[in-house]
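> Structure provided below as C-alpha cells; questions to follow.
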Amino acid sequence: MNYMQDNDKLYRYLFQDRAVRGEWVRLNQTFIDTLNTHHYPNVVRNLLGEMMVATNLLTATLKFNGDITVQIQGDGPLRLALVNGNHRQQIRALARIDGEIRDDMSLHQLIGKGVLVITIAPQEGERYQGIIALDKPTVTECLEEYFQRSEQLQTQLLIRVGEYEGKPVAAGMLLQIMPDGSGSPDDFDHLATLTATVKDEEIFGLPAEELLYRLYHEETVELYEPQAIQFHCGCSQERSGSALLLINDDEIDEILEEHNGSIDMQCECCGTHYFFNKEAIEKLKKSGEEPVTTH
C-alpha cells in the first residue's frame, strides 16, 4: 500500500469496545506549500508544523462550520506564529521574526514572555477565545492541557515534525475519551500507552490503516472516510487594494515615486505579489472596482 495516498489527510476513528475516539493527520504538500516562500529557521519551521497539525486536529472537533486561529505572541525573537484553519481543512500559517534565532533555542527562549491564544469563530454565533500559558516545554503539551481543561475529557495529543524522504512533514494523533461517560480511564490509559510507542518512520511513512493496525492490532478500530487538507491563503487583489487605501494619499504618492510608478503589495502568508499603478489606485478610490494590475 502506498503511504502517499494518505498524505495531507485527516482521519477520524473509533475504538468500538473502549468508548475512545481518535484522529490522525499528516501534512506533506500542505506543509511544503506553507513554507514555500519563506526561509524560516528549522526551529521556527518545526513550531509552525506543530501548530498546523494541532489546528487541523482542533478543527476536526468542531461541531459547526467556522474557523480556528492558533496564535503565539511574545517579546522574544519569534514575535508571532499564527495558524488559521477551517472546517473544510483549509489551512495557512506564518511567522514573524525580530532577532537572531538559533536551532537549539527552547520554546521559552524563542517566545520570551508570551501566550498561546486560541480563537474559535463560528460562521453563526459568538466567537470564543481561550488564552493558554506557555508554561510547558512544548506547544503540544500546552495544548493537551487546554483540551483536557476546556472539554473536561481525558485527552492525549502527540505531534511529530521532521523530514521524511528528504521533505518536510508534520503529523499528529489525538486520543480522547468519549463525552457520553461510557469510556473508562483505564481503557484510555491503555490506548494512550500504545499510541505513545509510535515511531517517526511510522507516523510519517505508513498509510493510516497500516499505522492503526501496527499500533492497535488487538483492538477493534472503525476508520472513517478521510478529509483532504490543503494550504489556502485567501488573499486577493481586492483585499490588497483595500489595505492600500488605508495609507494616506501623500504617502502613496511618495511610494509610487520611489518605486517607478508601481506599488508591490506582497502577501505575508503565501508570497503572492499584487501590483498597483497610479491609475489602478485612482480607480479603487472612485469606484471600488477591482484594480488594474501591472506586471
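Every residue, even glycine, has its Cβ placed from backbone N, Cα and C.
In case it's useful when we look at the structure, here is the feature table from Swiss-Prot:
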type     : residues      : note
DISULFID : Cys233-Cys235 : disulfide bond
DISULFID : Cys267-Cys270 : disulfide bond
> What are the sequence-distant neighbours of Cys267 (disulfide bond), meaning same chain, six or more residues apart, C-beta distance under 8 angstroms?
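Counting only residues 6 or more apart in sequence, the Cβ neighbours of Cys267 (disulfide bond) under 8 Å are Cys233, Cys235, Ser240, His273, Tyr274.
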> Tally every other Cβ atom lying within 10 Å of the Cβ atom of Cys270 (disulfide bond).
18
> Give me the count of other Cβ atoms within 10 A of the Cβ belonging to Cys235 (disulfide bond).
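Around Cys235 (disulfide bond), other Cβ atoms within 10 Å: 19.
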> Let's check the environment of Cys233 (disulfide bond): how many other CB atoms sit within 10 Å of its CB?
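Its Cβ has 19 other Cβ atoms within 10 Å.
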